[in-house]
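Taken verbatim from TrEMBL:
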DOMAIN    1-358  domain 'PTHB1 N-terminal'
COILED    366-393  coiled coil
DOMAIN    436-522  domain 'PTHB1 GAE'
DOMAIN    525-627  domain 'PTHB1 platform'
DOMAIN    657-755  domain 'PTHB1 hairpin'
DOMAIN    758-837  domain 'PTHB1 C-terminal helix bundle'
REGION    879-956  region 'Disordered'
COMPBIAS  901-914  compositional bias 'Acidic residues'
COMPBIAS  925-937  compositional bias 'Gly residues'
């Protein structure tokens, strides 16, 4: 804060109170209307409001406003000078008003006032020069060192300079090379030169003679000198301080710079504030020895800094001016010499002076209260509790329950479909609207129990399905707010859909800034995607499910009741369904569901992989839901132990079969499309670089050089660029279609694996790797993102081929990550994964009911000790641990024969690895632990005598980094 203030002498509010004023909106000048004339204050707004003030005494008076008129266009600048040669009085100046497309010259005439009304001014149109380009600024001066006349130069938005002289003679100067940015242009009368600021932050000097003759000689404009400034400028002025030298004063964004008219730096002052505007003037006459260069700079904090060259001599605060003024001038008023005139962005016009009245600054007394440690500890404890509540995620169940209590959600979708969808209102594409596909209606109710800062509801639908309201956002939601939303779900794209599940995610932020997320889901009716048709007698893909639950009737009406309503046969054994949105319009995609008459089996058959996903989702989901409503399923989130069978098998069991080849075919097609997209993208980048190069060559050509050849090349390149871009759009459309097909294929595999007779850990691990929906990124395709998971599952975890995991595979995985993606290796591992799963599920089990280690039972039902022992024995036989005791004190980790699936010729075991590389290996569970190191034959003999240890323990956890590198023979 400055110690002094600028004393206010006169102030007024301009007619336009909006932010319509800038640095060119203020002018202080004389027009030679009377003998003892002082300066007039002219203000022009960007709305076209022109006002002329003539202060007479301290304080504003109504007679100070001499003229107020409205122009037809915004006023970009105000200038005073001898712009016409018809004026006889040497002291008379004209007023130049710069408009966007014209410069208007006025003669200012005085009209004497009657009684106490005061004098007035009138503007008489002298000349008007119109130009086709939009103007940015204007520069005036005695161009060519002509005496008695002033010419002006208009700066346009494209950097072009237009010179006007001799009452209408004009010519333009266009600067070649780099694009010119609009910037202030200044004229130096001593050297008859123009100073222009280029787009590269260089100050360039051009001679007026060179600019005026370049149009005739067709030569390029070459600057006399160039000086690098290194930053953008706010304003620029030329002040003659000596008889043989003029200074170029530049107010930059961070520095205040002064150069002489030969381009030599005089000084550069670094500013510790953001400047808004400045004004430089000379005290005295420049030919006198005692002339002083004074500069006044206004900062963004409304402070006035006064410098004598590079030395600050005064600083004062501009009171009652916030925000800071945008223009400043020095003026001589009646009764005030050297007044400081400032104009604010909203039209606050002030005339002040630098007085010596000190600003009475008083330091506020400090309010020091006695510190209460008990109160501070209590407040600290409250803050810690709030922080703990926000970031502590150890008890997720409690957090989720708390979030559900704050926002109550109720989301449902009607089972009936409708055909009254407004396709025009919802902007359904024409190819979809013509099919008149059915839609479903949903209902969402939510009620807020606590105040929320933000609330957002987002609906996640499968690809191809759209919701009438995808996202809804609310701000400052008060407690007790409730709302009911009616939704429409419809098919927006003819794509294969892998799921009918729709999720609504409610994310909200409490006033304390704590974020929470809750979600609910519902399923779309199958009637949106299928219609009843004749069942198929034969198909290429056949799946069989056995309903083992006592509470689920293995009839078609249990799962597909909406398709059986109104049929003559009350309990049919075969149901044919046709997909309503197939991939090809000419091909009908059918699926048949057959329920056995004398058993609990259901067979699903079709020729297309894409038709299975939603049908299997309905069968599995309905079975689990009916058992859950009966209270038999007690799912818990604890980590399942080793040997526990898949609990879904107790409700339904799938035959061990996976359609591997159709699934791999979808993967191949998707990978091929991704490769085509990358090739097409690279080709587009090459064409784009070529297009930019041709444009640059066209800009660098001279005006007299022929341009037909390069213009033809640009047009040809542009047409090719558009053609290749259309191809890329078509390929991406195919890629989206193929991604949906792959979604259906992967979902089919997941639904089958979920109901296979496998260990629950196997089902969980494989299900987590086969995640849907699949995603493709710019730099990483789905196959590349899946490769590490498939590769690790191939070498570690519950699906390894032997109890000793192949370290050679780990080395391959580590090395392959550094190289390019090997799709053949990924495809081979993907097929091997499915083959191992099928073989593992096909292995004979002693007793389906007795092989389960942990079987959910009804309330009150007890099991005998003998049956428990028998189940443990059956589990041992299933896992192949024949000789292992029931409760050994110490045993080695062993992944037994039930986890062995396929013998891979490319894998090595530990003995093969010992023959290839020497390493140190002793850790894990065992009867004894010794350390052996070395390479060659001696190390082999010593290692063979030691008990074999495991890379993966019984919990399928990977070794630590130290253990891993120690085993590979890498010493730290």
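Note that Cβ sites are derived from N, Cα and C of the backbone, with glycine treated the same way.
Annotations in TrEMBL come from automatic prediction, not curation.
DSSP labels the residues of the domain 'PTHB1 hairpin' (657-755) in these numbers: 88 helix, 0 strand, 11 coil.
Residue counts for the domain 'PTHB1 platform' (525-627) under DSSP (helix as H, G, I; strand as E, B; rest coil) come to 30 helix, 29 strand, 44 coil. In terms of DSSP secondary structure, the domain 'PTHB1 GAE' (436-522) contains 0 helix, 56 strand, 31 coil. The domain 'PTHB1 platform' (525-627) is in contact with the domain 'PTHB1 hairpin' (657-755), judged by 3+ CB-CB distances under 8 Å for residue pairs 6 or more apart in sequence.
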